[in-house]
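Notes follow the structure.
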Amino acid sequence: MRLWQRCSRNWFFTLTMHDYSSRFSRALNLHQQGLLEPAYAEYHSLLRTNPRDINVLNFLGVLCFQRGDPSEAAKCLKKCIKLKPDFAEAHYNLGQGLLKSDAVPSAIESLKRAVALSKNYVAAHLALSEAFSVQKRYREALIHAERVVAISPDHVAGWVNVGVMKFALGDVGSALAACDRALHLRQGFPPALLNRARFCRAQGDLQQAVATFRDVVGAYGSDVEVLVEFCETLIEAGRPDDAVVVSEHVLKLDRQNVAAHLLRGRSLLSLDREGAAEAFAMACDLAPGAPDALMWLGECRRKYGELDEAERLFMRAAELAPDDIQPKYSLAALYGDKGDFDRACQGFDDVLAMSPDNLPAISGKLAVGLYSDTCDAEENIRLAREYGRLVERNVGAPFSSWSVEADPGRLKVGFVSGDLREHSVGHFLEDFLSSVDQSRIQLYAYPTHRRADELTARILPHFSAWKPLSGMTDRAAAEMIRADGIHVLVDLSGHSLDGRLPVFALRPAPVQCCWLGYCATTGLSAMGYYLADASTLPSELEAQFVERVWRMPRSYLCFSRPRIDIPVAPLPALAAGRVTFGSFNNLSKIGSRVVKVWSDVLHAVPNSRLIIKASQLQDPEACRMTHARFSACGVEPGRVQLLGPINRRAEHLAAYGAVDIALDTFPYNGVTTTAEALWMGVPVLTLAGSRFLSRQGMGILESAGLGDWVATDESVFVEKAAAFSSTIERLAETRASMRARLSRSAVFQPVDFAKDFENAMWEMWRQGGQ
């Protein structure tokens with residue numbers, strides 16, 4: 001070949017290669033700009049020129065995955081790998097594409113090949129971590145995530161993945177540390193912040209979770225799923241006001257969001273604000289077969305006394321979700337509200353058959369046992385002990401040392417309660433707290449939620465510290481109480497609503513005592529004492545308690561005189577010409593035996609009437625059923641007047657003006673209602689039983705010098721009702737002199753009670769705290 005011919009061919013080859021390189025650069029540029037269709041055409045044009053170009057095949061494979069064509073993508077990348085089997089990047093791109101196409105097993109094989117060819121291939125290790133995570137193979141996922149940060153210690157996404165895998169394996173502390181490392185490397189990195197918020201929530205550090213979610217929302221402000229998580233966390237942290245705001249923001253973004261309607265309803269329900277029922281109903285309309293929506297609408301109906309509608313909703317939820325425990329639990333609690341204790345106990349037993357260690361179900365059954373007139377005391381103590389065993393196992397090792405003075409100048413006494421407000425418990429605290437000698441005992445309050453009212457505001461100044469436990473795990477709450485150096489910690493809730501018995505199981509204080517809010521044993525071995533008196537809890541009943549019984553010298557109760565000046569009304573029988581009996585107790589306390597005995601009273605006292613006032617009686621169906629129960633005992637509906645709740649306390653107390661004699665419930669006696677009735681001049685007829693809760697009326701009446709109003713059995717109860725009704729003049733005298741009589745009763749002497757209480761705390765400390 002002549003020289004000029006050779007030079008011409010070389011020049012043409014160089015020119016051709018330069019043109020090919022330019023076209024390849026143009027294809028890459030189009031690809032990087034997201035112009036997938038022009039780039040796709042350019043890559044194919046290049047392959048027509050050189051079908052074996054591994055770089056073009058590699059990038060075309062990536063682009064085809066991005067176009068949603070995994071079949072052509074895999075074809076291109078497999079051809080590339082066939083041409084160059086050790087091309088690690090092609091193996092990685094094939095694996096990454098398959099992972100995004102949900103072909104996880106094949107993705108893992110390709111990614112494994114990539115890291116085998118290039119051991120320090122960071123992106124491939126990261127993708128392998130994500131692939132193993134999809135398969136829930138978290139240990140393998142963690143190996144590759146840790147390999148990423150070992151190769152590249154400042155790799156933010158690598159640390160995020162380490163955190164996710166640590167969390168999945170249950171190591172929340174290390175997960176948080178990994179998040180913090182990622183945030184140190186890139187401050188405010190949204191995925192790390194979001195994970196940190198989630199990890200704090202899972203760990204129970206709800207206050208920190210809320211704070212972190214607030215930072216997250218700045219980056220995810222329009223992400224509905226993240227906002228829903230934030231709202232759920234706010235509710236768990238006891239911040240329903242904030243949860244209302246966030247849920248309403250979600251609904252502005254997505255009016256059809258069922259979760260947001262439910263969360264808004266839950267928040268409003270917690271706040272006793274209007275709109276909860278409408279929110280739940282909207283959720284039910286949007287998701288007609290959603291058990292959660294039916295459940296929450298049922299809880300709303302139950303709270304506001306619409307018990308039959310609540311029952312229908314719970315039953316429908318149970319049909320839709322037969323394996324879900326919650327509808328069965330709610331049904332059991334509802335039957336308790338209705339006074340159908342046999343069905344309530346069976347309902348809780350059904351829950352426990354599905355979940356033997358379900359603590360709320362055990363507490364629920366124990367609470368129902370307080371009201372049931374067929375309760376087996378031995379079974380109750382067995383169940384309470386079982387609760388104690390389970391909760392003490394669940395919370396872990398209790399504290400065994402405390403930072404308290406062995407010989408303090410004054411004791412720190414803490415109160416844990418959900419009822420430091422207008423509630424029966426609150427009405428037995430107010431006068432006592434104002435009479436405490438703060439030089440002897442220093443008071444700390446640990447309310448279990450953030451609800452507050454006028455009574456809360458009045459008692460708050462008597463506490464040196466007010467520290468709500470809402471939003472805190474049991475251990476975090478216990479650690480805070482322990483750090484406060486509390487000598488004696490007092491439980492005011494037991495197994496009732498808003499109780500925090502697991503906190504006591506951790507023994508945050510060296511001496512612990514149950515008082516006032518729950519009339520039975522807690523079942524906790526960590527609860528050292530139960531505060532009572534000789535009348536309500538004599539020695540022969542001590543076997544019903546796990547705790548050591550501590551008897552106050554006079555009464556274990558101290559009723560606060562109402563702040564409302566309502567005079568005692570004249571005896572209504574004088575004007576009516578007939579006796580009116582009454583009960584303002586919870587309808588759940590009026591069991592079948594109570595209905596029978598009260599009916600016998602009405603039969604024994606001709607022309608007499610009975611007034612029953614209870615919150616449940618705002619429901620017409622509850623009224624119908626109550627009248628039916630009395631009718632079955634031969635009492636016509638016209639003799640039984642049913643009243644719903646009266647929310648204003650002044651009007652509630654004034655309603656006693658229509659009652660001549662109050663009839664106590666049994667086996668669960670009234671406590672607040674008995675004290676209120678006496679204060680309003682109305683004597684109370686009670687039946688003393690063989691349990692602590694069935695001797696409350698006797699304790700109050702004997703303290704007031706009214707021991708002759710205590711019956712020993714049902715027949716005596718009826719006889720006494722008839723006898724007292726026959727002496728109208730004596731009833732009028734008793735009514736007129738009642739407040740003078742109460743001024744001498746230990747139950748109405750806050751200064752004396754406060755001294756007795758202080759002495760009890762000190763003696764408990766001397767015996768059990770040193």
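Each residue, glycine too, has its Cβ placed from N, Cα and C.
If you look up TrEMBL, you'll see 54-87 (among others) marked as repeat 'TPR'. Sequence-remote contacts of a segment are chain residues at least 6 beyond its ends whose Cβ falls under 8 Å from one of its Cβ atoms, and for the repeat 'TPR' (54-87) they are 24, 27-28, 31, 36, 39-40, 43-44, 46-47, 93-94, 96-98, 100-101, 103, 117.
For the repeat 'TPR' (88-121), the model gives a mean pLDDT of 93. The feature repeat 'TPR' is assigned by TrEMBL to 88-121 (among others).
The annotation repeat 'TPR' is assigned in TrEMBL to 291-324 (among others).
The feature repeat 'TPR' is assigned by TrEMBL to 325-358 (among others).
The domain 'O-GlcNAc transferase C-terminal' feature in TrEMBL is assigned to 406-557 (among others).
The domain 'O-GlcNAc transferase C-terminal' annotation in TrEMBL covers 577-755 (among others).
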Is it possible to list how many residues within the repeat 'TPR' (88-121) are helical, extended or coil according to DSSP?
27 helix, 0 strand, 7 coil
